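Engineer: Take a look at this one; I'll ask things after.
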Amino acid sequence: MTLSKKNMLIIIAILIITILPLIIKSNADFAGADGAAEGVIQEMNSNYKPWFSSLWKPPSGEIESLLFALQAALGAGVLGYYIGYKRAVGKKVERNKDC
Amino acid sequence: MKRKNILQGLLLLIGVVFYSSRAYAMHIAEGFLPIEWAGVWWIIALPFLILGIRRIRELVNDKGIEIKMLLAVAGAFVFVLSSLKLPSITGSCSHPTGIGLGAILFGPGPMVVLGTIVLIFQALLLAHGGLTTLGANVFSMAIVGAFVAYGIYSLAKKLGLPIWAAVFSGAAIGNLITYTVTAAQLSLAFPGQSGFLNSLLEFMSVFSITQIPLAITEGLLTVLVFNFLRAYSKDELRELSIIGR
């Protein structure tokens, strides 16, 4: 099996694992896991008060997704640069072999 | 009698998993560890961080630009993966860590530092995790996650498994263990009235099941990038003794 075929299979598997929950649990809320942990702590120790809060919070969900997108874009940019660079170098080496 | 107990326990676990709508974060929120526990995890995490910084300095000083670029790739992978909140079969969302790839390539040390950088980014800009709980979150994700991913990968390789299987299991189990450690940290700090073990069961019940499909996704994504490296970055992998000469 070639590399691209293998990787295509892996990508299909990832898509299935990711999309399947959205179909079989179509009425779930898919809430972020963050707030829930705090809920359980309060339930188990109702007198626990958080003693420190975040220095800064994204003022809205939009700003939060902006920053999450920024985080993903920074990472994806570096990954994409590396993949493109490496493929180009690989092709150049091959071409030099030919002539 | 004993068997009956185990059976009851299992049934309880299954019941809790399917009837509870609770979900868990992998990072403990700001202020949500009592001050003494926050301190303990900071103190435990610091020596690893110092060792990790030393290891990165060695890599940067001794190795060429190709290896430095690969180190940037390992960091970028953590950035991307920890921003992806994926749906899971329990009807909640959680995210992969991306620690496994770098731990397999460079050993656990450098990943302690790269993981910490991502956690600081998320704590300061996204109110995700926190500064007081940074020590605990670094311990679960960047220390235990990295060491276990590296350990499982090395073990699988020694057992003669194909390299993709070693990479997959290292990354996937490294992800699962991160969540388990977070649950243990919460149970230690909040044993409730039922004690540490019951509390651990409570904390783990839902989110370990939530986490299994995500661990598989993390394993697959890591193999995806690793396959690329094997095809296009052979020299670097040889230099890091990932593949033979």
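A Cβ is built for glycine as well, from the same backbone N, Cα and C atoms used for every other residue.
Pasting the feature list from TrEMBL:
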- B:35-53: transmembrane segment (TRANSMEM)
- B:104-127: transmembrane segment (TRANSMEM)
- B:134-153: transmembrane segment (TRANSMEM)
- B:159-182: transmembrane segment (TRANSMEM)
- B:203-229: transmembrane segment (TRANSMEM)
Engineer: Please indicate, using numbers and ranges, the residues of the same chain that are 6 or more beyond the transmembrane segment (B:159-182) and have a C-beta under 8 Å from a C-beta there.
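Structural biologist: 24-28, 94, 96-97, 99-101, 103-104, 136-137, 139-141, 144-146, 148-153, 204, 207-208, 211-212, 214-216, 218-223, 226-227, 230, 242-243.
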Engineer: Who are the chain neighbours of the transmembrane segment (B:203-229) in space, where the CB to CB distance is under 8 Å and they lie at least 6 residues beyond its ends?
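Structural biologist: Here the qualifying positions are 13, 16-17, 20, 22-24, 70, 73, 77, 81, 86, 88-90, 92, 94-98, 100-101, 104-105, 163-164, 167-173, 175-176, 179-180, 183-184, 186-187, 236-237.
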Engineer: Can you work out which residues elsewhere in the same chain, 6+ from the ends of the transmembrane segment (B:35-53), have a Cβ less than 8 Å from its Cβ atoms?
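Structural biologist: Long-range Cβ neighbours of the transmembrane segment (B:35-53): 108-113, 116, 132-136, 138-139, 142-143, 185, 188-189.
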